[in-house]
Ligand SMILES: N[C@@H]1[C@@H](O)[C@H](O)[C@@H](COP(=O)(O)O)O[C@@H]1O
């Protein structure tokens, strides 16, 4: 696991986006894993800038969202399908047909989950998964106690996550209790995972992820088992890391030929 500590959210976004740009240069038909939330926004801002100013081309790429609320219609402004479209897809030249989300409005949710897993497999798997992290260490919507081998399925949100996400709705009562999320095993199958976290509110979760034991109580800690995980954080999110100076030393001395 590589830990990259940067000054602020803008730098975090720029660095994570550079990994996406390098991938697209190598592999124009790359499969991107797309996260929602406020943390990936600077990544999408930078990707939109690279597209507009440098012609970064998404025309052959495809994308898979991590998760979706259950019960919100797909066109609800806070459905993750809408969020991914607004924050990312509409700002670059990715073909909307190739931007997939779990169907949280399906009559048969279990079948929708199975079909989503199959769609990821059919696309050849995710090349680069952009991830955020919840204050309780969740990735996607895999809350504490999630099976570390899980696949796309229905989960119940903790009250903490509903409170955290209430800012996107007019009241907490509108935040759904249930979600469909890629499983931990699904996320672990991505070839490269790039997790971004910013702000002091994430410091505890980032500590658990990087330096805690691998435990379903902090689901993100499973990334310690991932062969290619890059954790990009700002100073505030890094503030609880015991070995922060060591991670800075490694990054500062990284050979220039070695990308993320
Ligand atoms: N399902 C999403 C996660 O994918 C995201 O990482 C988390 C943190 O969001 P934020 O980046 O806004 O703090 O929020 C939600 O729970």
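Glycine residues also receive a Cβ, built from the backbone N, Cα and C atoms like all the rest.
Please treat TrEMBL annotations as automatic predictions, because they have not gone through curation.
What TrEMBL records for 67 (among others) is active site, proton acceptor. The C-beta environment of residue 67 (active site, proton acceptor), restricted to residues of the same chain at least 6 apart in sequence and closer than 8 Å, consists of 36, 80, 102, 140, 141, 179, 180, 181, 182.
The active site, for ring-opening step annotation in TrEMBL covers 136 (among others). In sequence order, 143, 144, 158, 160, 161, 205, 218 constitute the residues six or more apart from residue 136 (active site, for ring-opening step) in its chain with CB-CB distances below 8 Å.
Taking the Cβ of residue 138 (active site, proton acceptor) as reference, residues of its chain lying under 8 Å away and at least six apart in sequence are, in sequence order, 144, 146, 161, 219, 220. TrEMBL lists 138 (among others) with the feature active site, proton acceptor.
Summarising the annotation, TrEMBL assigns active site, for ring-opening step to 143 (among others). Under the three-state DSSP scheme, residue 143 (active site, for ring-opening step) falls in the coil class.
What TrEMBL records for 9-215 is domain 'Glucosamine/galactosamine-6-phosphate isomerase'.
The site 'Part of the allosteric site' annotation in TrEMBL covers 146 (among others).
In this view, residue 153 (site 'Part of the allosteric site') is surrounded by 21 other Cβ atoms within 10 Å of its Cβ, with every protein chain counted. Per TrEMBL, the feature site 'Part of the allosteric site' maps to 153 (among others).
Summarising the annotation, TrEMBL assigns site 'Part of the allosteric site' to 155 (among others). According to DSSP, residue 155 (site 'Part of the allosteric site') sits within a strand segment. Listed in sequence order, the residues of the same chain lying 6 or more apart from residue 155 (site 'Part of the allosteric site') and placing their CB within less than 8 Å of its CB are 141, 142, 143, 146, 178, 179, 180, 181.
Of all Cβ atoms in the shown protein chains, 13 besides its own fall within 10 Å of the Cβ of residue 156 (site 'Part of the allosteric site'). Annotated site 'Part of the allosteric site' per TrEMBL: 156 (among others), in sequence order.
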Distance filter, Cβ under 6 Å of ligand 1; input recorded positions 67, 136, 143, 153, 155, 156; output 67
Model confidence over the domain 'Glucosamine/galactosamine-6-phosphate isomerase' (9-215), as mean pLDDT, sits at 97
